[in-house]
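J.: What follows is a single structure, and I will ask about it in a moment.
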Amino acid sequence: MEAENLWLRSAPPRDDGGALRRSTAMDSEPEGRESAQDGTRVQVDSDSDMEDEEYSPDDPAISDPALAAYLERVVSEKCGTIQSMVEGLPGVAPPIWRSNPRSYSETPFVEEIASVEMPHKFSFPNIKMYEGTGDADNHVAQYKQQMLAVAIPREAREATMCKGFRSTLTSPALQWYINLPTRSIRSFAALSDKFMEQFASSHNLERNSDDLYEILQHRTEPLRAYIARFNQEKVAIPE
């Protein structure tokens, strides 16, 4: 009887139909596995194993274009959030942004103007820089007269007039020039018209001969100074 009980304990498990059932890890190790050397039980966490799983770059799921675009957008948003947090920290210097390489090739002039090579050893006229508050018409007139006095080949004159105008602008006026739409200017006439339209509020009101009657001599003003001031206003009135 005792021998029969020992055989029943050592017999392999059977299913409901009486067939032998193979022992599995769940049967023998429901909560872990036992080390063969020292008997220590090691806990197995299937969830952590899946989290630590590494994906191969050749995985078709990862190389799918739609998934790659989604991952790139998520990473970009995360980087932007981190960058904003870093910039908000006191004492952190702002990042140095790189210039757009294409911005150097952008020009407000059409190809017929932009492709013309500037004359060799050409220097632009030295006139007062326009910052956006003076008389725009007067600035264009001075620029034209100065450029006419320079020997420029006929085939390059229009392009030189257009490209040289930038060198006479500064501050808000220069920023206006930079913001001109790409490939929108076909001639210096078009450029000067846009310029005078933009800064029309700074244009001096045109005077006529009737305004000369308002030029009176000051009580302490010498006669010679008064005549000089009168003549200066007179020559500024168009005939």
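Cβ atoms are placed via backbone N, Cα and C, with glycine included.
Annotations in TrEMBL come from automatic prediction, not curation.
The region 'Disordered' annotation in TrEMBL covers 1-63. Residues or ranges marked as compositional bias 'Acidic residues' in TrEMBL: 46-57. Annotated domain 'Retrotransposon gag' per TrEMBL: 165-234, in sequence order.
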J.: For the domain 'Retrotransposon gag' (165-234), what is the mean per-residue pLDDT, to the nearest integer?
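T.: Result for the domain 'Retrotransposon gag' (165-234): average pLDDT 85.
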J.: In the domain 'Retrotransposon gag' (165-234), how many residues does DSSP call helix, how many strand, and how many coil?
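T.: Output for the domain 'Retrotransposon gag' (165-234) reads 44 helix, 2 strand, 24 coil.
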